[in-house]
């Protein structure tokens, strides 16, 4: 939500949101084009070599065994269909016994979707549509609530450390009651949360990779690659854990595999959520700089270039505080250098009885993107200064 005032600030906020959306779409498109160019340069030569080797192998096999190429292609096509149904040349676990089906629904509701198991019947495909609709929504809510619990836990830890520091400094609880009460809505910085989630994700991925490299006979780098693909719910399906028919300590390994994937998905999903907030702040900063440059070039300000930058930066930082986004120490000190014109405008609004009625939220978790808004609205309610 955004604050409304008689001077049309709601429309201005709407224009800023549209500008932010357009800039983000352009940057994502540019990001996709750059990624496509890089991956094409890296992977295209290997693909051409593999095609050439496969054509040579087919030609040699048909000549040595006196088999027609068309008949061999029919056999290979039939094997591809059997492969989709779960039939492999080597021993693999059944796809649709209860444990295999449980693994499948886990990849569905977590949106990983490895692709190694898919329903083959019409009834199974129809059931998957409704099952996934409810399951994916519920799991996304679970991930958002997981992030909320992480932030609440960090807030309790920070409050406990603060109270302990007050006790060591000789301040009693009665003398600091008002300050303790203000800590009830105190939430950690978005950058601090990103650091904690990043460290947790790295530790989980490294521990899981050690397990996978031992049990699946992957090298450690392949295990790290699988962890990122699985935890980020990309789920290519080129590497899939726990698919063999038997393992040493099989039940313990399958339990550990499920726990690692669950914890990894929760951490990476929450990390994506926090990074999206930082991306939003970066877009706000870029748009503010572009607006300031445009206004200074068109001569709308009557001050020098230095004063223009100060006014724009201070107005932007004030807007960021009103929108509930985090600012750095330097930004905070710069925001206090409010120009006389802005101060006069604020005094004028107060004198006319029309000040902006916006709550100030300092934790960086206002708003949200898509499903992230479910969690952010809750954080927004709990982080208002009391």
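Just so you know, glycine gets a Cβ as well, placed from its N, Cα and C.
Just so it is clear, the model here is predicted, and its values are computed rather than measured.
Per TrEMBL, the features are:
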DOMAIN    93-150  domain 'Potassium channel'
DOMAIN    201-279  domain 'Potassium channel'
TRANSMEM  21-42  transmembrane segment
TRANSMEM  101-122  transmembrane segment
TRANSMEM  128-147  transmembrane segment
TRANSMEM  190-211  transmembrane segment
TRANSMEM  223-240  transmembrane segment
TRANSMEM  252-272  transmembrane segment
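In this chain, the transmembrane segment (128-147) lies apart from the transmembrane segment (21-42): fewer than three C-beta pairs between them fall below 8 angstroms, excluding pairs fewer than 6 positions apart. Stretch with the largest number of CB pairs closer than 8 A to the transmembrane segment (252-272), among 101-122, 190-211, 223-240: 190-211.
By the Cβ criterion (distance under 8 Å, sequence gap of 6 or more), the transmembrane segment (190-211) is counted as touching the transmembrane segment (223-240), at least 3 such pairs being found.
With DSSP states grouped into helix (H, G, I), strand (E, B) and coil, the domain 'Potassium channel' (93-150) comes out at 41 helix, 0 strand, 17 coil. Helix, strand and coil counts under DSSP for the domain 'Potassium channel' (201-279) come to 57 helix, 1 strand, 21 coil. In the predicted model, residues of the domain 'Potassium channel' (93-150) average a pLDDT of 90.
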